[in-house]
Amino acid sequence: MGKGSEGRSAAREMTAEANGDKRKTILIEGVLYDATNFKHPGGSIINFLTEGEAGVDATQAYREFHQRSGKADKYLKSLPKLDASKVESRFSAKEQARRDAMTRDYAAFREELVAEGYFDPSIPHMIYRVVEIVALFALSFWLMSKASPTSLVLGVVMNGIAQGRCGWVMHEMGHGSFTGVIWLDDRMCEFFYGVGCGMSGHYWKNQHSKHHAAPNRLEHDVDLNTLPLVAFNERVVRKVKPGSLLALWLRVQAYLFAPVSCLLIGLGWTLYLHPRYMLRTKRHMEFVWIFARYIGWFSLMGALGYSPGTSVGMYLCSFGLGCIYIFLQFAVSHTHLPVTNPEDQLHWLEYAADHTVNISTKSWLVTWWMSNLNFQIEHHLFPTAPQFRFKEISPRVEALFKRHNLPYYDLPYTSAVSTTFANLYSVGHSVGADTKKQD
């Protein structure tokens, strides 16, 4: 582990195939593999690390994404090996030495954490997370069963929070850091996201892995592909026509993001993107969980005496609140930070340091509210580590960053939220700015 060096890339070679396609190579722990004909079980994310012709060093990404997999190394060993002497650095000797030092330090630190048990799941923590969600849903429906308008409103709000908490625990399961058993975490992810949020856990995992592979990297991080509903960076709106309906929408996106855009994004996911993916990939069990969600909701609302129309309205309100809860918390960790060019290759540590921020890590309330993902830097460094352990390792991560002159941001929650909305406003008003400068 850690034998590879971030930044090294494979020399470009032509395949022996008659069609003349470029060979796709990938470098892991100093070994160069031919991945041209390899169908990655985890989807197209592997293309980020082969980049068509020149494979980049994927050691850190490979180990973090496959830490709990018993099959990954078997797949890797089955790939044809190429002459590693053709591997050359795209950086100067000084820059490559800096990156190699980070790689060695990071690998040694990670091995320490594994040996000390920081990657081990906790059964009491698992029980707490599940019981909390069940209790929140039960309380929400109990409140909605009361005749008081105040109880009804509180019940809808509580239900939205419960759906958001389902999103948090699904996120943990999707990373394989809940039970630590990949197949079990995957099935639980599908159940909690399907019943709790009405969405596909498998689709989410497919997309979210791309975000982790290259956060805030244009044409790689799917979290930047948010048009037409919202835009988080000026570079993604350069092709928006000034004066168009989209341009007008973006000018007010800072005001619409929470009350309108979050709901529209959620509805787009649950009614179109996720079902389309589930149909294409034949994720039949996920349809079962989502149908169970709808049947359960409307049956229960009917039993409580609510009309179909009122039941739909209450569903949309609670669903929308859940979307606001989740989407806003994810937005504050990345969206206001700089982006990198498609061709840029950052070190694994640099992605976490420069394109991620921690938020109020000393606050127990924020830690609960964000379900330990206010330690976003640690999460991006170690995506398969149980998230409740990040608080314990954060001082050591900060020390690691200090040794390599990397920033370690920890913003107050209120500052992170205000910065996020200020960025939405700035990006929305940047449409056409390049044209005006040219004039």
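Glycine is no exception: its Cβ is also placed from the backbone N, Cα and C atoms.
Around His40 (heme binding site), a 10 Å sphere centred on its CB holds 13 further CB atoms from the protein chains shown. The heme binding site annotation in Swiss-Prot covers His40, His66 and is backed by sequence analysis.
What Swiss-Prot lists as domain 'Cytochrome b5 heme-binding' is 7-88, and the listing cites sequence analysis.
Confidence across the motif 'Histidine box-1' (171-175), taken as the mean pLDDT and rounded to a whole number, stands at 96. Under the heading motif 'Histidine box-1', Swiss-Prot lists 171-175.
Per Swiss-Prot, the feature motif 'Histidine box-2' maps to 208-213. Tertiary proximity for the motif 'Histidine box-2' (208-213) is limited to same-chain residues at least six positions away from its ends with a CB under 8 Å from its CB atoms, namely 42-45, 48-49, 61, 64-65, 171, 174, 220-223, 380, 383.
Taken from Swiss-Prot, the feature motif 'Histidine box-3' applies to 376-380. Below 8 angstroms of C-beta separation, residues 212, 215, 333-334, 351-353, 356-359, 387, 390, 393-394, 397, 408-409 of the same chain, each at least six residues beyond the ends of the motif 'Histidine box-3' (376-380), sit close to that stretch.
Only residues 6 or more beyond the boundaries of the transmembrane segment (123-143), in the same chain, are considered here, and those with a CB under 8 A from a CB of the stretch are 151-152, 154-156, 158-159, 161-162, 165-166, 169, 172, 178-179, 192, 196, 300, 304, 318, 386, 388. Sequence annotations record features per position, and here Swiss-Prot assigns transmembrane segment to 123-143 (among others) based on sequence analysis.
Annotation source Swiss-Prot lists transmembrane segment at 254-274 (among others).
Per Swiss-Prot, transmembrane segment is recorded for 287-307 (among others), and the stated evidence type is sequence analysis.
Positions annotated as transmembrane segment by Swiss-Prot: 312-332 (among others).
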Summary of DSSP states over the motif 'Histidine box-1' (171-175), given as helix, strand and coil counts: 4 helix, 0 strand, 1 coil
Beyond the flanks of the motif 'Histidine box-1' (171-175) by 6 or more, those residues with Cβ under 8 Å of it: 129, 185-186, 188-189, 192-193, 201, 204-205, 208, 371, 373, 383-384, 386-387
Neighbourhood of His66 (heme binding site), C-beta criterion under 8 angstroms, separation at least six: Ala72, Asp73
